[in-house]
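Engineer: This is the structure I want to talk about, given as structure tokens.
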Amino acid sequence: MENINIFSETFKQIISEEVKSVQLDAREKDEDSSPSADEWSTSNDKKSCYYCRIEFPDSQLQRIHYKLDWHRYNLKQSLLSRLPISEEEFSEKTGNDDLSSISGSDSEKEDTLDTFAIAQGKMFLRNKDNKVFSLYKCLMFDKKEEVSDDSVLDRLKQCSISNQQWTILMLGGGHFAGAVFKGTEPILHKTFHCYTVRAGQGGSQSSKDSKSGGPQPKSAGASLRRYNEQALVQHVKSIVETWKTEIDRSSLIIYRASGPYNRSVLFGGTTPLLDRSSSKLRTIPFSTRRATFAEVKRVHQLLSSSTIYDCLEAATAKFSKQLSPDTESKRNKVRASCINRAKSREIAERPLPTEHLNDSDLELEVDENDDINENVVLSTSELEIPLNDLREFDDSLTPEQRKKIPKKKKPKKSKTKKLKEQEDAKKKELIEIITNGDIKKLTILLDDHLKLTEEETEKTSDEFINKIVDDESNTLLHVAALKEQTNVITFLLENNANPCLKNKNQQTVYTCTQSKEVREFLRQFARDNPDKFNYNKAQIPINALTNEEVADKKKAVRKIKREKEKEKKKENEIKKKDEDEKQRFLKLSDREKRALAAERRIINQFGKVTTRCFLCAADIAGKVPFEYMQNLFCSMECLKAHRMQKPVLLS
């Protein structure tokens with residue numbers, strides 16, 4: 001047994017002359033399907049059943065017979081071209097609880113080698129040298145097309161010798177992969193991917209929209225998927241149209257497009273990309289992975305390979321191994337699991353539970369019980385029990401003896417539990433000392449701790465002074481800040497308590513308290529001892545202002561604010577004065593306006609000249625005015641309005 005490529009010279013020699021299809025179970029089918037030579041016949045004047053080969057004296061019995069399971073069984077046997085069985089044989093089958101025989105499943109060989117090969121999409125051929133080889137049926141025949149020995153050789157040569165160009169297209173899940181192969185080498189290939197599948201739920205967005213019935217989802221993801229579906233159709237269409245000449249030259253067009261949406265991309269629309277009625281179209285006969293160029297090459301390699309066997313027996317042996325060995329056992333289990341409800345359940349005798357006795361004792365007990373059961377006669381009688389002798393519960397022990405009885409000892413606590421309780425008590429004591437602000441007791445505890453180990457004094461001091469005392473991971477310094485004990489904070493900081501440590505809430509000593517006094521105290525300590533700790537890590541602002549500096553800063557701000565208000569007041573007065581002057585000018589007559597303008601020119605000959613528009617009194621100093629009738633205007637609109645008010649009569 002060997003695998004060869006159908007484009008190779010070796011395969012050409014194998015199919016050079018005669019090739020015919022062959023069935024692996026041909027012998028079994030001949031034996032099973034050959035009916036008996038003798039044909040059963042009956043006289044025309046009698047009622048009979050041809051399938052069961054039995055005659056009836058009247059039509060009533062015939063109608064009853066047609067309702068029997070025996071008749072139905074023989075009817076199915078006839079459909080399978082098998083001989084009927086007698087009523088006695090059928091009774092034996094049903095008597096053995098083989099209920100599956102009624103449906104004819106006992107004689108059907110569902111898992112034959114040929115059905116297994118067909119399920120894999122393969123067919124077996126044999127040449128004149130009696131060599132058997134297998135390849136995929138889709139290379140020669142369509143799925144619904146019947147196998148014909150007359151056209152097998154021509155079609156096989158057509159796809160493997162005459163025209164070795166194949167086109168393979170795969171589409172699914174927004175992935176597209178296509179290639180055109182010339183023999184074993186790809187001459188064209190293209191792959192791309194578009195986001196069209198709904199994450200977590202699967203399926204295309206178009207199918208979801210069609211099933212919803214209501215308004216379409218308007219999310220960003222849904223809109224993107226709809227756009228990508230249209231883009232996918234356009235990309236596939238452009239690729240197929242670009243490859244059209246090479247696709248038309250191909251002897252086979254093999255595709256995989258699972259689902260209605262993917263099939264509509266290839267076959268939908270007014271002008272489909274591929275023609276469904278084309279004899280070149282084939283579907284991939286096995287399961288595939290994601291559409292990639294590597295997967296397309298794998299599909300081509302599998303389809304173009306053929307397995308050569310030395311003889312038919314070798315092929316049969318190879319496929320027999322691939323069949324599941326547990327098929328028959330599974331079928332028997334299914335048969336055994338079927339329960340005949342028409343029959344009563346068999347009563348199984350089970351031994352009664354007994355104590356562990358010797359065999360001899362067991363036999364004696366059984367014999368005695370048998371004799372007693374035969375001779376004993378049961379009877380009932382009434383019996384009165386007197387209650388005069390009843391008395392209270394009497395205890396024989398004296399009180400002294402009862403005291404001597406040892407009481408149950410309480411379970412001893414483990415060492416770790418005792419140590420934990422002692423540690424918790426010490427922590428509570430420390431919290432109380434800090435809350436009360438008792439520096440003396442705190443100093444005594446620190447000295448006692450230092451005396452325990454004379455060596456590594458600095459290490460033990462840091463261990464005590466930075467001790468965590470509650471479930472919130474607060475240190476002694478945290479507790480002192482929360483309780484607003486500034487004297488305790490001073491003592492702890494002077495003894496190298498670390499203000500950079502954080503509690504469970506990631507708060508330092510400065511951030512854990514909301515007291516302004518404590519925060520100001522910590523800032524003052526940082527200013528007085530700038531090199532003692534890393535105050536940036538402790539989140540203590542060193543450059544923060546003192547109360548005096550803050551007061552001075554507020555005074556400066558108020559002074560600047562007052563000056564700004566004075567300037568603003570002056571500007572408002574100037575604006576008001578200008579507005580009043582403007583209103584007075586507008587109330588003047590034309591003659592007064594001209595006189596006032598002349599007067600101001602004379603007065604301000606060497607100073608600032610204020611020139612106003614003759615109509616709207618706008619300041620036009622420094623601008624080129626529009627002059628008319630010895631009057632100055634700021635714009636043409638004012639000039640035109642003045643002319644319309646007082647037209648000049650020409651004589």
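Cβ coordinates are placed from backbone N, Cα and C, and glycine is handled just like the others.
Take a look at what TrEMBL says about it:
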| type | residues | note |
| --- | --- | --- |
| ACT_SITE | GLN205 | active site |
| COILED | 543-583 | coiled coil |
| COMPBIAS | 34-43 | compositional bias 'Polar residues' |
| COMPBIAS | 204-219 | compositional bias 'Low complexity' |
| COMPBIAS | 404-418 | compositional bias 'Basic residues' |
| DOMAIN | 162-306 | domain 'VLRF1' |
| REGION | 24-44 | region 'Disordered' |
| REGION | 201-221 | region 'Disordered' |
| REGION | 395-421 | region 'Disordered' |
| REPEAT | 472-504 | repeat 'ANK' |
Engineer: What residues, ordered by sequence, lie under 8 A Cβ-to-Cβ from the residue listed as 'active site' and sit at least six positions away in the same chain?
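Structural biologist: Same-chain residues close to the residue listed as 'active site' (Cβ under 8 Å, separated by 6 or more) are THR196, ARG198, ALA222, ARG225, ARG226, GLU229.
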Engineer: Over the repeat 'ANK' (472-504), what is the model's average pLDDT?
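Structural biologist: A mean pLDDT of 87 is what the model gives the repeat 'ANK' (472-504).
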Engineer: List the helix, strand and coil residue totals of the repeat 'ANK' (472-504) as derived from DSSP.
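Structural biologist: With helix first, then strand, then coil, the repeat 'ANK' (472-504) has 16 helix, 1 strand, 16 coil.
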Engineer: Mind checking which residues of the chain, 6+ beyond the ends of the coiled coil (543-583), have their Cβ under 8 Å from one of its Cβ atoms?
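Structural biologist: Contacts with the coiled coil (543-583): 520, 523-524, 612, 617.
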Engineer: What are the DSSP helix, strand and coil residue counts for the domain 'VLRF1' (162-306)?
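Structural biologist: Reading the DSSP string over the domain 'VLRF1' (162-306) gives 57 helix, 38 strand, 50 coil.
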